Each structure stands twice: as structure tokens, then as C-alpha cells.
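Here's the structure we're looking at; comments come further down.
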């Protein structure tokens, strides 16, 4: 009944009128959600109710908020000691009893995402990354290596979504003999809402068939409530676990770091941090990442979506905001429990607009796990080496981690010592490489990239076996042309264009 809620709100001078609209929208939403709940089977009622209650809270907050959620004038650079250099943390060394410290740790991987952006069906964590190993295989190998090396019991917890849960659980059987206890819990399932009416597009509780587009997992900020509601948080606390290390499952640099863990468990000033965020220095490729700021005397994560339009360029500048959040987080379990029970975890709402296949415009309300940093006591940023941030979001990233730039050891990837400088080459593969199966078909073997600085490939290009790429290599096949880089070719500072003319530049 309101064409565009936002416009109406800004034009309606009277706050009384705005309040009436808000109440009507909340009431209409409640009616719709009750109808959806009424379609649930008896075995679904309990968790559907929890999901919809959580969604109602989020929707209520969404209706209250206006405009970008930060006042730009209040943003300050964080105080010197609030972001510590990793070198300083590492210089403290490790205690003799590192095993007892490790036994207090739980590794949590965010496993809600699908591989659709890389043209794959099913959970992203099941895409092969290196020597037939998937993201999940590498994670299990890393933790198993830790447990064997130190004779410890660090469990792995996967936060799945309704999109990834079934497929992930089927795969977990293959790890039944590995030395890692694996637990899973599901993040919430929230209804997508029609952008015009602000009502759910789902008519019933089912999420298969034509209803798959009606629901979404509400971002990784949902971890606090879901982890708590699943009962797993309490079980792990009862087992004597004290900290979780949370990271995205597609960040291959996010391995357990003993120095950071030791810093948490044995703080130099005796006062424990409840929340540590690993940040790393921005490069030109990272202008969109969230950054840590000082805001109202608290460390606060500011994401690009919260920045007023007039300040976006300033936000992206590498000189003013030098670091960004890697989403590798260390959080005290007892603090999550305390804040969750007081309903005191405050995360900004991210409004994510989507257009469905049929052309319908919807919005999903989401939150980000790092945004809760301001709700925890004694938070800290640690500026870690870039090697702890190795996300695989595209096949360009996949090419890097499959190549000889990295060696694989016990599930961990490390930059090859043969590479003379520790930065990663900039790789841009064109749209013919977007899907994993197309990408794999176009490389007979992964080229030697040890001395590569920059690679751009566009159009219909294939690579033969044992190709070497050095310096800056640009390969552009014009529309209708095809370029086959022959087996054994060495391309060093070359532009290859049109119909395989190789030019020096």
C-alpha cells in the first residue's frame, strides 16, 4: 500500500504519521508470518517459530533505522594500542603448555555459502581447490594435524545454512576416522520480502521447488543467535572450551595461529580480550573491505554500505583507512552467552537488494559477524600478514591457489620460498573462465606463475601443458577468434592479441 516506504518516510513530515505507517507494516508482517507458521508440520514448528521470531526483531529494527547507520563526523582513527602489530604478538613466543591452551579452542567455519558464483551446484566448501582436496578437506587436515602434533582435541564446528546442510552432512561421513570431532549447526532461515510491499513473498513454510527463492540465510552475523539456540554453545562451554576462532571456509589463509591464541589466553596485562579481529593492510584491490574505526569510544567495524554517499571515496582511500577486516575472529564463548542472554549484541542491518529470476525485486535483511565487535569488552584488532587472508571467491583466485606459487603441507597453503617477493600476482580471468568447469577445461595444466606480476585473459583462450608466465602477460582474443597458447610456451612481458600475435611490450 505504500509504493516506496523510504520515500514516504522522508516526505512525511509528521513523526506521528511515520509511526502509524511503521505500526501498520509491523502488523501486516506479523499476520503474514503467522500464516506461514500455520503451514508448518509439527516437527518443524519449534525451529520455524525461532527463525520467524528472530526475523521479526530484525524487521522491527529495520523499520526504526533511517539512512546510513554511522554519523561520519564521529568516526575517528582507532587509538594506537587498539590495533596491535602481529610481530609484537608473535615476539612473545609460546608457552611450554601450548597443548592446554589449544584444548580451550574451537574452530568455527562459516559454511553457509553455495558455489553458484563459480558455476557450481551445492556448498562452496565442496569445490576442489588443490590436488582434488576441497575447502572442507583442507580444513579437516589442518585441524587433524594440530590435534596429532600437540595431542589435543580441537573440534571443528560448521555453521551451515539450509542451502548447504544436507550436502555437507552427507560428506562428513568420510571424516569419521579422522582425529577431529565435527559438529554442525544451522543458521536461521528468513523470508525474503517484496521491495514494494515489504511483505514476505513466501506463502508457506516449504523451501524446495518453486519456493527456494522465498528464503535466505541472513548473513554470518546470525552466528551468535544460531550458535546459542542450537545448544552447542552451552555444550562446548561445559566441556571447558573458552574461545572460538571463526573464519570463512573459503579463506585458505585462516589457519589456527598459536601466537594469537596464546595472547588471548595469557594476556600481557592480565585482562582478557573478549573479541579479536584480524585486520590486514589494504591494497588497491581491497577498497571495499570493512575497516576498524573508533566510534563513541568503542572499536567499530564500518562497512561500505553504511557510509554516506558523499564519503564513499574517502572510505575507499588507502591513506586514511589503511586496514580492512579479514573476517578471522577470535571470540570468548562466555561473552557470547552473556550478551546473547541479555539480547545485547548490536549489529547494523545490511539491506541486500536482489532481483529474482522472474524479475521480482526483493530485499533481504542481513548482519555481519564482525559488526558485533562494539558489544564486547576489551576488543582488539591485530594487524596480521596478508598471508592470513587468502579468499577464493572466483576462478582467478582459484588459479593462484592451484599454482606453484603455493605449496601444500598438512592442509595449509604457504607461499613458495622460490617466489622472490611475497605479494600475490594480480590475476583477472575473463567471463569465459567464470565457471569452474570451463576454467578447468581451458588449462591443460596450471602454468608456472612463480615470476608472474600480472595476468589478464579475455575471450576464448586455452593454455597447453607446462606454460610459463612471467612479468606482465595480457592475452586478449577478439570476438570470434580463439587463442591457444601452445604447450611449453614461455610468455614474459607479452601482449597476445587477435589471432595469436605475440608482441613484446
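Glycine residues also receive a Cβ, built from the backbone N, Cα and C atoms like all the rest.
Taken from TrEMBL, the feature UTP binding site applies to 124, 187, 219, 250, 393. The substrate binding site annotation in TrEMBL covers 220.
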Rounded Cα separation (Å) that holds between residue 250 (UTP binding site) and residue 220 (substrate binding site): 14
In the chain carrying residue 393 (UTP binding site), residues 6 or more apart in sequence that have Cβ under 8 angstroms from it: 117, 250
Between the residue listed as 'substrate binding site' and residue 187 (UTP binding site): CA-CA distance (Å): 8
Longest CA-CA distance among 124, 187, 219, 250, 393, per record bound to UTP, angstrom: 21
Spatial neighbours of residue 220 (substrate binding site) that are distant in sequence (at least 6 apart) but have CB under 8 A: 110, 112, 159, 187, 248, 327, 367, 368, 369
Set of same-chain residues at least 6 away whose C-beta sits under 8 angstroms from residue 219 (UTP binding site): 350, 352, 366, 367, 368, 369
Per-residue Cβ crowding (10 Å cut-off), top of binding-site residues 124, 187, 250: 187
